[in-house]
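Asks: Supplied in structure tokens, the structure appears directly below.
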């Protein structure tokens, strides 16, 4: 099921990355209706989306080793997992699908065929964001193709894309609506959980916010998840994440 879901997401990305430039961007650019910057921006959004998808699905979410090293000063923050009988930090969770305990696990996501945990949560957040951007970009281009862009003068009616343009763009628009709506809802849920310092599993388990939740600024909450205080790096999937050291005015969690 996980491979089926991630293949479906990749197929939607591939469809729009191939047909939208073929039907809209390149023909109108060749006739001077749109600037080259619009084409570059679309491919940048597409590239960042697929890179975030690849890295979120392949990155280690924070699986705990069989024999973890537990510092003496942090032993009180560790507990025994009743499923795999291994020691783990508090707020970790055992994933029944993967068979591992994951640090600060949020949920197991079939759309990336991987767990979302402490070490790849920022990549999953980027995937939700860039999927929204690409879906909205696609919807706008589909709309402009019929209501804004000038008619194309050089059309080869024998080409498959030209003869089936209406059907292809309708499929693209339908996928854009579904992806934008779904990813917007997921992105809002994830941001709400990050800002309230509650994982999806903790919310579903009805843990008290007094136990785990904390009041903190949105900058620090996102910096902790992304592993850096540089806001520009929050948007770049091609980097490594390092745990962020909490300052004296912030409460830290193990």
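Numbers here mean position along the shown chain, with the first residue as 1.
Keep in mind that glycine also has a Cβ here, set from the backbone N, Cα and C atoms.
Computed from a predicted structure; not experimentally measured.
Per TrEMBL, transmembrane segment is recorded for 35-54, 127-148, 168-188. Sequence annotations record features per position, and here TrEMBL assigns domain 'Palmitoyltransferase DHHC' to 77-205.
On this model, are these features tucked inside or out on the surface, and what's nearby?
Replies: With a threshold of 8 Å between CB atoms, the same-chain residues lying at least 6 positions outside the transmembrane segment (35-54) that come near it are 6, 9-10, 13, 16-17, 20-21, 25-26, 29, 112, 123, 126-127, 130-131, 133-134, 137, 141, 235, 237-238.
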Asks: Excluding the flanking five residues on each side, which residues at least 6 beyond the ends of the transmembrane segment (127-148) place their CB within less than 8 Å of a CB in that stretch?
Replies: 13, 16, 20, 23-25, 41-42, 45-46, 48-49, 52-53, 56, 112, 169, 172-173, 175-177, 179-180, 183-184, 186-187, 190, 235
Asks: Summarise the domain 'Palmitoyltransferase DHHC' (77-205) as counts of helix, strand and coil residues per DSSP.
Replies: 69 helix, 18 strand, 42 coil
